[in-house]
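Feature annotations, reproduced from TrEMBL:
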type	residues	note
BINDING	C235, C302, C303	Zn(2+) binding site
DOMAIN	7-317	domain 'Hcy-binding'
Amino acid sequence: MASPSPNALSVHINKGSPIILDGALATYLETLGADISGALWSASVLLDQPSLIKQTHLDYYRAGANVAITASYQASVVGLVKHLDLSEEEAKEVVKRSVELAQQARDEYVTETNEEVRGKLFIAGSVGPYGAFLADGSEYRGDYSVPKEEMKDFHRGRIQALVSAGVDILACETIPSKGETEALLDLITTEFPSIEAWFGFTLRDSSHISDGTPLSEIAALFDHVEQVVALGFNCVPDDLALAALKTLKPLVKRGTLLVYPNSGEQWNAQARKWGGKRTEGSTLAEKTREWSEAGAGLIGGCCRTTPEDIGVMKKALERGR
């Protein structure tokens, strides 16, 4: 199997340079005034208030992020067709718009600073799981059973749009099951061999992804897949991240590890609100250094994290070098 030519992001990974990912998209959009209560979450903002998405990406670049993750997590072609009554081609244009907004934010940040930073700024195309389309929380359980070819059909259109729009890497994120992992791997390696990817999983505990598959089984799927340059976890409790990284580290044969956990707060599904204490400031800085020391080369935040948090992570890693 031919491997893709390494892009600039891979070069940074291979050098061992710490790479800062962005933070929350949907929950940060809420603070900017966006309504994400519908089935499409932040994807609906692509149509209704695209300037807020661009602003979010720009705020994260300004905070120190190297990578902006597109607002396409919930923007599967199937979901856009179902909820917005679009044609497949119209839905793909919406996905492409998510990339264009990130590109515009990158261009604006380069204009604000200098052209030299462009080579350190990247765009990852978000590929959310089938469970996000179901919108019932099953991306944290992995308890859905979908035939492999149907799963590939679900993911194909969005990936086509992201790749054609020019993302630097695919962010296959919040993946909860071995079956979906296998379907995505088959699709990417056979139909999109020129694009690199990372995989972020949700967790049942520090040794198993959400459907109960041991991390050892998951890591083995990637042993000979050069397209996948990072494995790790996202949308997980931050106090689970370190133990999971330590479990995964000896199982991974190439690339680096990644981690972008939630803020430390917990989602109360009955009350439909977040509660608990945020991890921030010196505590977040210390955890960031621990994740880096455990092997994570790509580090950022997921739900409820902010540009301020990303700034803390950036400074923590700079001081640790």
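Backbone N, Cα and C define each Cβ position, glycine as well.
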Listed in sequence order, residues not in C235, C302, C303 with Cβ within 8 Å of the centre of the Zn(2+) site Cβ atoms: A24, T174, N234, V236, Y260, P261, N262, G301, R304, T305
Mean of the pLDDT scores, which run from 0 to 100, over the domain 'Hcy-binding' (7-317): 93
Candidate with the highest Cβ count within 10 Å, taken from the binding-site residues C235, C302, C303: C302
